[in-house]
Amino acid sequence: MQAARAAAEASYSPYSRFRVGAAVLAGGTVFSGCNVENASYGLTVCAERIAIFTAVAAGHRRIACIAVACVDAEASATQASLMPCGACLQVIAEFGTADTQLHVHGSRSYTLRELLPYAFRLGQPASSRSGC
Ligand SMILES: O=c1ccn([C@H]2C[C@H](O)[C@@H](CO)O2)c(=O)[nH]1
Ligand SMILES: [Zn+2]
């Protein structure tokens with residue numbers, strides 16, 4: 001959670017002014033990311049996916065857990081629904097397991113099973129595939 005909060009400081013969020021940071025534990029190393037927005041709003045990528053893709057780019061295929069922090073949460077009227085979005089849950093499903101813990105905004109923790117009980121999967125998970 002500390003790494004997630006630190007990562008949020010680099011958030012590029014001039015449109016939403018909503019700074020989010022995420023940190024994943026993979027192979028004993030913490031990889032972090034922040035949300036990166038775009039003038040073409042739909043191109044925005046969440047902090048969670050940046051953190052996970054950074055871990056994958058470093059050679060990891062399995063994430064142990066993920067923490068997400070929004071440093072602007074206290075000022076936000078949407079505080080009650082600060083949960084990872086569906087796209088990020090699907091990406092967590094790709095590299096985690098049903099038991100992967102999500103530590104959300106310092107409030108409480110959830111398993112992926114709780115938040116995405118019916119994740120879409122194609123055969124073997126990415127982590128156990130050989131080759132690419
Ligand atoms: O779990 C979340 C929810 C939202 N955002 C980002 C996307 C966008 O930049 C801003 C507002 O939705 O927050 C994240 O990074 N992670
Ligand atoms: Zn997301």
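We number each residue from 1, going along the chain as drawn.
For all residues, glycine too, the Cβ spot is worked out from N, Cα and C.
Please treat TrEMBL annotations as automatic predictions, because they have not gone through curation.
Checking the candidates CYS34, CYS46, CYS132 against TrEMBL: the one annotated together with CYS85, CYS88 at the Zn(2+) site is CYS46. In the three-state DSSP classification, VAL36 (substrate binding site) falls within a strand. With a cut-off of under 6 Å between the Cβ and any atom of ligand 1, the binding-site residues VAL36, GLU37, ASN38, ALA39, SER40 reduce to GLU37. DSSP classifies CYS46 (Zn(2+) binding site) as coil under the three-state reduction. Apart from CYS46, CYS85, CYS88, the Zn(2+) site neighbourhood in this chain, defined by C-beta within 8 angstroms of the site C-beta centre, holds ALA47, GLU48, ARG49, PRO84, GLY86, ALA87, LEU89, VAL91.
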